[in-house]
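Structure, as structure tokens:
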């Protein structure tokens with residue numbers, strides 16, 4: 001197996017290789033065709049293709065000289081706006097290589113910068129606008145100040161649809177000589193929530209153990225809980241069998257290594273699909289929110305989850321003894 005991270009190994013190198021994001025690709029192609037582009041702001045959840053698209057754009061603009069004409073920075077890694085200013089100044093002082101009229105600065109995690117730092121960034125963008133274009137990458141556009149947004153063409157990136165993720169994972173598995181089961185794809189999608197980088201990394205970790213990757217291999221690789229385990233835990237508690245529910249909880253937490261907060265997340269996701277009356281769902285959802293909050297405040301995971309299971313037992317008992325509707 002190659003030591004290279006599969007996410008990097010299979011990163012698209014051209015617009016044609018990028019799956020999904022058709023509207024984004026169409027607009028960026030127009031910029032490339034015109035030989036010019038404004039400052040850009042790409043925003044959306046992690047793993048939705050922001051960095052990949054920025055690098056593809058650089059390749060399309062500069063061809064073989066894309067590395068010489070592109071500067072990648074991470075706002076979280078740099079030691080303040082002063083360092084970013086100096087690096088951009090040093091980069092922008094030399095002429096672009098080739099025929100391009102400008103160089104490209106890709107700034108990741110721009111939304112992690114303070115408002116003051118973003119104001120300074122805005123001034124940097126203005127100073128070097130003659131021969132430098134910026135692509136800002138952010139998870140949350142709401143954390144970017146308006147003066148920067150108004151100077152950029154803004155593009156929204158969404159999580160990859162399940163069918164496209166499945167298709168891509170199968171392609172990678174075939175290339176690596178891995179047999180990928182359908183239940184593995186289902187679980188990878190559930191865990192990754194459309195984050196393609198996370199999905200490919202999960203596949204690689206699972207494939208490192210076995211060339212046949214099923215849901216069990218994925219769950220083990222991710223230290224993740226399967227929806228079926230959560231449903232079993234839920235049914236045991238709702239049925240009043242708290243002893244077995246406790247044993248199942250401890251198995252998940254201490255043998256399979258599942259974090260309590262991850263259990264709550266899967267409970268929240270699966271609750272929507274459960275065949276329960278709306279008032280029961282609302283009561284369970286409120287209970288999940290209460291436990292989730294306590295966990296974020298540092299409360300003991302096992303105690304809080306046992307409290308949750310006991311409350312489920314009480315809810316189940318009320319349902320069982322409630323008079324039948326005529």
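Every residue gets a Cβ built from N, Cα and C, even glycine.
Marked as ATP binding site by Swiss-Prot: 44, 45, 46, 47, 48, 49, 50, 51. Other C-beta atoms found within 10 angstroms of the C-beta of residue 46 (ATP binding site) number 16, with every protein chain shown included. DSSP classifies residue 46 (ATP binding site) as coil under the three-state reduction.
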Same chain, |i - j| six or more, Cβ under 8 Å of residue 45 (ATP binding site); the result in sequence order is 139, 157, 158, 159, 193, 194, 195
Note: among binding-site residues 48, 51, least Cβ-dense neighbourhood at 10 Å is 51
When the binding-site residues 44, 49 are compared by other Cβ atoms within 10 Å, fewest goes to 44
